[in-house]
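Going by Swiss-Prot, these are the annotated features:
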- CYS52-CYS66: disulfide bond (DISULFID)
- CYS59-CYS70: disulfide bond (DISULFID)
- CYS65-CYS79: disulfide bond (DISULFID)
- 1-22: signal peptide (SIGNAL)
Amino acid sequence: MKLTCVLIVVVLFLTACQLITTDDSTGKQRYQAWKLRSKMQNSVLSRLSKRCDEEGTGCSSDSECCSGRCTPEGLFEFCE
């Protein structure tokens, strides 16, 4: 009987030690997901707010220059 009680106490003690020393990663994962979501939203918002390409940047048929002029210079085209 005493041996059974000792074994139960030892098992409870070891379980408690395991729970105390275990790294709680659930909160960290939630924070990382929130951080990634925020980063993606900022990226989408920055792309949506940019309406035209600045002077000197490369341009093509699917991009719009702020000046409205995309001029070829050698092999590439640049916004004026």
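Placed from the backbone N, Cα and C atoms, the Cβ positions cover glycine too.
Sequence features annotated in Swiss-Prot and their locations in the structure.
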| residue | record | CB count, 10 Å |
| --- | --- | --- |
| CYS52 | disulfide bond | 13 |
| CYS59 | disulfide bond | 20 |
| CYS65 | disulfide bond | 19 |
| CYS66 | disulfide bond | 13 |
| CYS70 | disulfide bond | 18 |
| CYS79 | disulfide bond | 20 |
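CYS59 (disulfide bond) falls outside any helix or strand according to DSSP and counts as coil. If you measure from the Cα atom of CYS59 (disulfide bond) to that of CYS79 (disulfide bond), you get 6 Å. If you compare Cα positions, CYS79 (disulfide bond) sits closest to CYS70 out of the disulfide-bonded residues CYS52, CYS66, CYS70. Secondary structure from DSSP puts CYS66 (disulfide bond) in coil.
Between the C-alpha atoms of CYS70 (disulfide bond) and CYS52 (disulfide bond), the distance comes to 11 Å.
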